[in-house]
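K.L.:
Look at TrEMBL and you will find 21-204 tagged as domain 'Ribosomal RNA methyltransferase FtsJ'. For 53, 55, 80, 96, 121, the entry in TrEMBL reads S-adenosyl-L-methionine binding site. Annotation source TrEMBL lists active site, proton acceptor at 161.
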Ligand SMILES: C[S@@+](CC[C@H](N)C(=O)[O-])C[C@H]1O[C@@H](n2cnc3c(N)ncnc32)[C@H](O)[C@@H]1O
């Protein structure tokens with residue numbers, strides 16, 4: 001395969017490099033924002049699972065750079081297991097969103113004030129074992145949701161990546177207990193052939209008296225006790241009467257003039273000669289150690 005073959009197959013990948021985004025995912029958040037005006041009035045935002053940082057770049061451009069001359073520009077906190085290269089106006093935390101201590105680190109950045117908007121584009125490393133991958137992804141979404149319920153202001157918005165697997169309507173139903181509106185959105189830059197979509201949860205409405213607290217010793221069921229989320233036995237097998245299960249409205253974002261992420265577009269001759277390099281090389285890729293060993297001639301087969 002030639003150097004430009006991915007550029008040819010994936011127009012958003014190519015456009016991301018042209019426009020300086022660290023990943024093509026930037027277009028997903030931009031298209032979601034076009035559809036739902038997610039950034040309106042937002043002062044404090046948390047980007048969970050943020051590396052390499054294209055969503056944080058979008059937030060920086062739309063919320064920090066446009067307001068930097070005002071007395072209080074938006075505060076953006078980005079969290080990931082991986083280290084991230086700096087982005088203008090973004091505080092990066094290298095932390096695990098499944099660990100309760102991460103919550104306090106985020107709140108400290110906001111001086112104890114709640115967030116207006118939390119987004120999560122989290123995805124675990126895939127093992128190739130389909131059921132296990134689906135389970136870990138579901139757990140990651142639950143962790144992002146738990147964290148969100150502890151730091152989002154009433155009326156705030158939560159957006160997270162989901163995979164529309166078997167029991168996704170259960171998640172929609174659970175979310176409907178916590179938010180006024182739950183929409184399943186598919187940006188045009190997300191491949192039609194992928195099960196990926198985004199839940200857009202608008203108008204956070206925690207049940208009065210429910211005080212979500214994160215503790216290592218607490219199970220997910222204990223965490224949501226009192227939240228009003230149905231009658232949980234385990235959260236994955238939540239018992240909801242048929243009338244309480246809900247199918248979220250499905251919205252495709254990005255109009256027909258947007259590029260189709262599953263189509264192949266031709267490259268002009270000029271582009272083929274000067275195929276662009278990625279905007280940001282991975283900061284700590286797993287293959288780095290192997291490359292170092294190889295360079296030092298220490299890579300030996302045992
Ligand atoms: C698809 S990438 C996010 C891309 C990002 N939104 C962007 O636009 O550049 C998924 C990220 O989830 C992160 N992640 C997975 N599990 C995590 C966890 N438990 N805590 C924090 N980050 C996690 C991974 O390290 C990875 O960087």
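Placed from the backbone N, Cα and C atoms, the Cβ positions cover glycine too.
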K.L.:
If we count other C-beta atoms within 10 Å, could you say which of the binding-site residues 80, 96, 121 has the fewest?
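P.N.:
Output over binding-site residues 80, 96, 121: least Cβ neighbours within 10 Å is 96.
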K.L.:
Translate the DSSP assignment of residue 53 (S-adenosyl-L-methionine binding site) into the three-state scheme.
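P.N.:
Assignment for residue 53 (S-adenosyl-L-methionine binding site) reads coil.
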K.L.:
Greatest CA-CA distance (Å) over the residues 53, 55, 80, 96, 121 that the record ties to S-adenosyl-L-methionine?
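P.N.:
Spelled out: the longest distance between any two Cα atoms in 53, 55, 80, 96, 121 is 18 Å.
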K.L.:
Which recorded positions from the list 55, 80, 96, 161 come close to ligand 1, meaning a Cβ under 6 Å from one of its atoms?
P.N.:
55, 80, 96
K.L.:
Could you give the Cα-Cα distance between residue 80 (S-adenosyl-L-methionine binding site) and residue 161 (active site, proton acceptor), in whole Å?
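P.N.:
Residue 161 (active site, proton acceptor) has its Cα 15 Å from the Cα of residue 80 (S-adenosyl-L-methionine binding site).
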K.L.:
What Cα-Cα separation, expressed in whole Å, is found between residue 55 (S-adenosyl-L-methionine binding site) and residue 161 (active site, proton acceptor)?
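P.N.:
If we compare the Cα positions of residue 55 (S-adenosyl-L-methionine binding site) and residue 161 (active site, proton acceptor), the gap is 12 Å.
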K.L.:
Quick one: average pLDDT across the domain 'Ribosomal RNA methyltransferase FtsJ' (21-204), no decimals.
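P.N.:
A mean pLDDT of 93 is what the predicted model shows over the domain 'Ribosomal RNA methyltransferase FtsJ' (21-204).
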